[in-house]
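Colleague: Have a look at this one before I ask anything.
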Amino acid sequence: MSKLKEKRGKIVVSMERVKKEEAIELARVQIEKTFGKGSLIKIGESSVGKGIKSISSGSIVLDEALGIGGYPRGRIIEIFGPESSGKTTLTLQAIAEVQKEGGIAAFIDAEHALNPVYAKALGVNVSELWLSQPDTGEQALEIAEHLIRSGGIDLIVVDSVAALTPKLEIDGEMGDSQIGLQARLMSKSLRKITGILSKSNTCIMFINQIRMRIGIMFGNPETTAGGNALKFYSSLRLEVRKIEQITRSGSSDDVIGNKIRVKIVKNKVAPPFRKVELVIYFGKGISREAGILDAALKHNLIQKTGSWYSLGNNKLGQGRESVVEYLNKEVELANDLDKRLRKIIFNNFDQEDVNFIKLKED
């Protein structure tokens, strides 16, 4: 008797489910008539649920930390930090990676400070890079919106938020009080940009500067320019800090680069709060080989015994710098290690990210 009741109960639930599905389908038809096809979809029947495409950062250790193999497409990214910490270098390296894959990038230079010679040294094809040097913040963000709506741009870099000066401020007197103008400009623009980004699959990066909040006695007095809107709308926020200078071997005064630390303070596409250290050489950009060495050591493809590094039974060299230089010369070996590492890392991340998503749902 109990089994019969249970069976009848399941039939009733099933019929209710069918009625609900029919009602939703009628609503969907009406919604699509009003707002257009694709206004209401099931995630499983669309590209939304099929993973997030990414743009490589140019460093395998940073790609690993980001969780999906690079910067997510269709999202807003903020890169912030003190002056000369490597923020622009990170974005130019991303542009170079996009162009290597046949993509198109644009650089909105609100600071009017882009150095094409340096960009070219980092691997950017400057002859194919779209450049805008706007006069006002409104102009910069409207240009970004038009580029996103075009659907033809893969990556947009805005340098920087602090330089996006509202027109009212430019037209006004030096002594005029213009409280909150930039914050309102950013909030209004980001509301418009967010909705169209995912449809165009464009990634937009905002470089930002650090400001000090006056009167803060406890806690961190640092904040970023442009108000809170960018913090909220960003899917990814990277804090970049210079931690030490790199000098030429045998010299304490001949500085050839910087070591920087990148902390992922916000990540909506993978677990956040990861930290990585990157090497940036002046005139060359991020050291891809140093990243490969660090990742290979972490995943046991390369072994270290004392000061010696070896790959299987083959010794690569003594000392970190000599091995990085060796990988720089042996391009085929470096490429092979990069491919093997990406296979190891991102096969592992698949399951980790699934667990992370389940944890968030719980």
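Cβ atoms are placed via backbone N, Cα and C, with glycine included.
Relevant sequence annotations retrieved from Swiss-Prot are reproduced here:
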type	residues	note
BINDING	G81, P82, E83, S84, S85, G86, K87, T88	ATP binding site
Colleague: Long-range same-chain neighbours of T88 (ATP binding site), Cβ under 8 Å, sequence gap at least 6?
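Modeller: Listed in sequence order: D159, I207.
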Colleague: Determine which residues of the same chain, besides G81, P82, E83, S84, S85, G86, K87, T88, have their CB within 8 A of the center of the CB atoms at the recorded ATP site, and list them by sequence.
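Modeller: For the ATP site, the extra neighbours are V240, K242.
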Colleague: What number of additional C-beta atoms lies within 10 angstroms of the C-beta atom of G81 (ATP binding site)?
Modeller: 24
Colleague: Helix, strand or coil by DSSP: which one applies to G81 (ATP binding site)?
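Modeller: Once the DSSP labels are grouped into three classes, G81 (ATP binding site) ends up as strand.
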Colleague: Rank the binding-site residues P82, G86 by how many other Cβ atoms lie within 10 Å of each Cβ and give me the one with the fewest.
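Modeller: Minimum Cβ neighbour count within 10 Å, taken over the binding-site residues P82, G86, occurs at P82.
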Colleague: Going by DSSP, is K87 (ATP binding site) part of a helix, a strand, or coil?
Modeller: helix
